[in-house]
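What TrEMBL records for this protein:
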type: TRANSMEM; residues: 21-51; note: transmembrane segment
type: TRANSMEM; residues: 71-92; note: transmembrane segment
type: TRANSMEM; residues: 112-131; note: transmembrane segment
type: TRANSMEM; residues: 143-162; note: transmembrane segment
type: DOMAIN; residues: 147-244; note: domain 'CAAX prenyl protease 2/Lysostaphin resistance protein A-like'
type: TRANSMEM; residues: 183-199; note: transmembrane segment
type: TRANSMEM; residues: 205-222; note: transmembrane segment
type: TRANSMEM; residues: 234-255; note: transmembrane segment
type: TRANSMEM; residues: 275-295; note: transmembrane segment
type: REGION; residues: 300-340; note: region 'Disordered'
type: COMPBIAS; residues: 313-324; note: compositional bias 'Low complexity'
Amino acid sequence: MRLAYSRPLQRLIAPARRRPALWRLALGVVLGLAVYGVPLLGAGLALRLALPEGTGAALMQEVAEGATPRGLLLALASFGFMALAPIAAAWLLHRRGAGTLFGPRAGLWRNFLRVTAVLSVMQVAVLIVLATMTDLEPNVAPATWLMLLPLSLPLLLLQVSAEEMVFRGYLMQQLAARFRSPLIWMFLPAVLFGIGHFSPQDAGANAWVVAAWATLFAVYAADLTARTGDLGAAIGFHFINNFFSLLLVSLQGPMSGLSLYTLPFDGADDATLPGLLWAELAVLTLAWALCLLVARPWPEDAAETPPPSAMGPEPVAEPAPALASIQTGRTRSPGDGPGS
C-alpha cells in the first residue's frame, strides 16, 4: 500500500537529492553544531568578561534555567543560532537555498495558519478542562504577560521553526534523499530529538518518559511534513504545543519564566507527572489527527521551484539510490516534552 505522503515527500526532498552523499550529511551535522555552539560559547565568554565578576555567570545560569521572563526570552532568542545551522549546512555542503528546507512557500503558510487555528481552539478546551481538574497557580502577572507577548510570540516562533528546520528540514530530508525506509528518515531524527529533551537534572526519574514523549511528538511532526510536503503543519503543531506549555501553563521550575500559570508540581514529581504525560499523549494524538484533517499538500502544478540563480551553478548529481515510491503499510507511530 502506497503511503499517503509518497508524492509530497519526494517533491520536498528533490533539492536534497542533488547532493545526497552521507559524508556531506555527517559533515553538515558537525558544521551545524559549530554554527550553533560556537556563538553561544562566545556570547557566554563575552558576558563573563564584560560584566562585573559573578554577574555574567549568574545571567548565563538564568538563561539556562529560563525561570524568569528575561532568562526565557534570551533562551528563545538563542535559537536564532540554531536556525542558521541548517541554512549553512544546506548551502555549503548541498548547494541548497534556505527556502528548500521549508517546501513551497504558499503551502507552508496555508498549512501553518490552518493548523494554528484549529489547534488554538482545541487548546482553549484543554485549558478549561485542566483548570477544572487541578489548581493552577498564577505565575506572570497578566499585564506583564500581555506586555511581553510582542516579544515572546515571535521568539517562540523562532524557537520552534529552528528546531523544525534542523530535524524535519535538514536531517529528515537528507536522510529521505538517501534511504527509502521511514525507520531511518522518520525515526532516526525523532530519536535524536527525544535525546535532546532527556534532562535528568530537570525531570529526575521522569526524564526517560519525557524523552519518549518528545520522540513521539517528533514522529507526528515528521509524518505531517511528509504528508504535506512542507514544514508549515509541523511548525504550527510545534508552535501551539509550546505556546500552551511555555506561555500559558508550564511546570514549576525551569522554562516557566513566561507562563501565565504553573501547575502545582515540577518535572521531577514522580507521583503526578507520569499520569499527566499519559493525558498529554491523548491530547497530542488528538492534535495530530486534527492536523491531518486540515493540512494538505500544495497542488503539484503550483509548487515553487527556486530559480537556478538562487541555487548557484547547476551541480552534477552524485550517485545515489533512486528514491522510489514507498511501498509499505501505514506506520504505527510509537515532540517535544512539555515546553520543548
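Using the three backbone atoms N, Cα and C, a Cβ is placed for every residue, glycine included.
Please treat TrEMBL annotations as automatic predictions, because they have not gone through curation.
Note that this is a predicted model, so its numbers are computed, not measured.
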Interface present between the transmembrane segment (205-222) and the transmembrane segment (112-131) (three or more C-beta pairs under 8 A):
no
Same chain, outside the transmembrane segment (21-51) by at least 6, Cβ under 8 Å from its Cβ: which residues?
57, 59-60, 78, 81-82, 84-86, 88-90, 92-94, 166, 170-171, 174-175, 178, 318, 320
Might you confirm whether the transmembrane segment (205-222) is in contact with the transmembrane segment (143-162), defined here as three or more C-beta pairs under 8 A between residues 6 or more apart in sequence?
no
Non-local residues, at least 6 beyond the ends, that sit with Cβ under 8 Å of the transmembrane segment (275-295)
111, 114-115, 117-119, 122, 126, 206, 209-210, 213, 216-217, 220, 223-224, 227-228, 232-233, 236-237, 240-241, 263, 335, 338
PLDDT averaged over every residue in the domain 'CAAX prenyl protease 2/Lysostaphin resistance protein A-like' (147-244):
95
Sort the residues of the domain 'CAAX prenyl protease 2/Lysostaphin resistance protein A-like' (147-244) into helix, strand and coil with DSSP and give the three counts.
86 helix, 0 strand, 12 coil
